[in-house]
Each structure stands twice: as structure tokens, then as C-alpha cells.
């Protein structure tokens, strides 16, 4: 009888050791997954900040050196989709979970409809901001476009179930002020008289553009959640590629319909630093903006549309620093204030993610303790 008890006790200890070993393996797997997730988020964030800074500066150089076509500048923001083609065509290995997901993938018609809709939506939003810049003073334009993040918080809450805490709200307010700090700066562009009609047109289209981009971000995240339902990086690449493709088609249509294509040879000839510099500028701009778009879609997929918008607004605060280094812009106190507000807002948002992660770890520990007590 005593030997049977000892054998039973031995088996119990072995079972406990196996359970503990299994829990340690699970914890290790969870930690590894979290590390990979944050590494991907860091890479996508780098793509957004780097692409936004390089694309913005090259856009300024384009106009300063004699470029005039807004359609060409818009085209340069989308034509870089072709660099993703090798990654789209490269065959990827599929695990069992991904094979199960393939069964529930949407049809080609549904995919194409989503890509075309989001692509045309992006063109409309881009042109709204282009018209807004033309009709509004720089300070007014910056103030209105800075509301994009606030609009995105509302659309994310309504469409994506985004949790809005006091810390996230604080981050949104800080980043909105950061991107709109230019309203307190006297600019030579603001000195001219602007008619009430121009102000009304500029205000309307810029507000539409801000709301449109916020809605586009939330709809893109919703497409990942409800339509594609895929957990692969290739899905991000495909969405970035095909939206860029349809947006480029729309931009080319606008370029030829407006007749601006007839002036391209003349524009290249009058470009101050030469034709080769003109081509290099546009090619590098296309690559930079494609990395920016890829980073945005990646954060939609791995985090949320609001997280992506937070990074974009933060990027707008650090672009003046790059302009000071590479274009010899004059740094002002307001630009430094904008950068500090952006850093504060970005840190607040990351702190909220830290708190969420800490809360999740606490729930796991409590659940594990409850299981041990039951055992």
C-alpha cells in the first residue's frame, strides 16, 4: 500500500513538472511573439518617419528647383508601388493556421473592389489637401489639417472599437497642437489678401481631406479585420501594392486629362539642376513615399489606424529638424516647441501601450495562480 502511495506521489510530481515545463514553454513563446511584434512595429515606424521626412524634403526640392506639376508630385507619392512586386511574387511557406485562413479568404472581385475604393479615396483626399494649400494661408491650412488625428480618434472608436483612455486623449491633443503650432508663426505667405470665397473653398476641401484621411485609415484597418482576416505580412504588402497601383492609374488619368503631360519636357529642361537630377528626385520620392505607405499599412495591421496616425503626426514634428540639417532651414522656437509637444504626445501613447501590456501580464498571472489553486 505504501509503495502504491509512493508511486502515485511520484506520478503527481512528474505531472506537476510537465505542467510547469509546459507553462514555461508557453511563456517563452509569448515573450518571443511579443518581441517579434514590437520589432515589426519599430520597423514600420521607421519606414513612416524616414519615408515621410525624405519624401517631404524631396517634394520641397522639386518645387524649389523649378518643378510645377502637382499631378507629377502626386504621382511620385504612389508610383513606387512597383518595388514591392518581387516580394508579392515570392512564394511563402504556409503553416496550418494560414492554410485554414485561405479557405475563408475573399474573392478576387471583393479584393479588387476594396483596393479600388481605397485607392480612389486616397486620390480624392490627396487632391483635397492640394487644393487646400492653394486656397488657404499656410497657418490656417496647418490648423485644419491638424484635426485629422482627432477625426481619426472618433472614426477608430466608432468603426474599430478603439479604446480611448485619458492618456490616449492627452496624446491626441498634444500631437494635434504639435502639428498645428505653425498658426502662431508669422509667415510671408499669409500677408496677402484672400477672398472670402477662397477661404470658404479652402476650408471646405481641407476639412473634407482631414476627415477623409481619418475615415480612410479606419476603413483600411476595418478591411484587415473584417474582409481579409489574414495574419500574414504578405497581406500588408499586397494591400500596399494594389492600392498604390490603382492610385497611380487614377493619378495618370488626371495627368493626361488635365493636359499637364504636354509640359513635362519643358519642365525637365527648365529644372535648375538638370534633367538627371529631376528624374532622380522623382524616383527617390516614389521609393520614400512607398516605404511611408508600407509602414502605414503595417501599423494598421500590427497595431491600429490610430497608432499609425500618431506616428504620422509625430513625423510632421520632426521633419523641420531634417529640413534644418539638409536644406539649411532656420530653426525657430515654435518648431522646437512643436517637436517637444510631438515627443510628449508620442511618449504618452507608447506609455498607454505599456500599461495595456502590464495589465495583460497581470491577468495571465492571476489566471495561472487560479489554475494552481484548483490543482
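Note that Cβ sites are derived from N, Cα and C of the backbone, with glycine treated the same way.
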Of 2-24, 278-300, the range TrEMBL labels transmembrane segment:
278-300
Determine whether the transmembrane segment (198-216) and the transmembrane segment (71-88) share at least three Cβ pairs under 8 Å, counting only pairs 6 or more apart in sequence.
no
Below 8 Å between Cβ atoms, which of the listed ranges 108-129, 236-257, 334-351 makes the most pairs with the transmembrane segment (306-327)?
334-351
State the non-local partners of the transmembrane segment (278-300) in its own chain: residues 6+ outside its ends, Cβ under 8 Å from one of its Cβ atoms.
40-41, 43-52, 54-55, 58-59, 61-62, 65, 67, 72, 76-81, 83-84, 217, 220-221, 224, 233, 236-237, 239-240, 243-244, 267-268, 271, 307-308, 311-312
Most Cβ pairs under 8 Å to the transmembrane segment (236-257), of 35-59, 71-88, 334-351, goes to 71-88
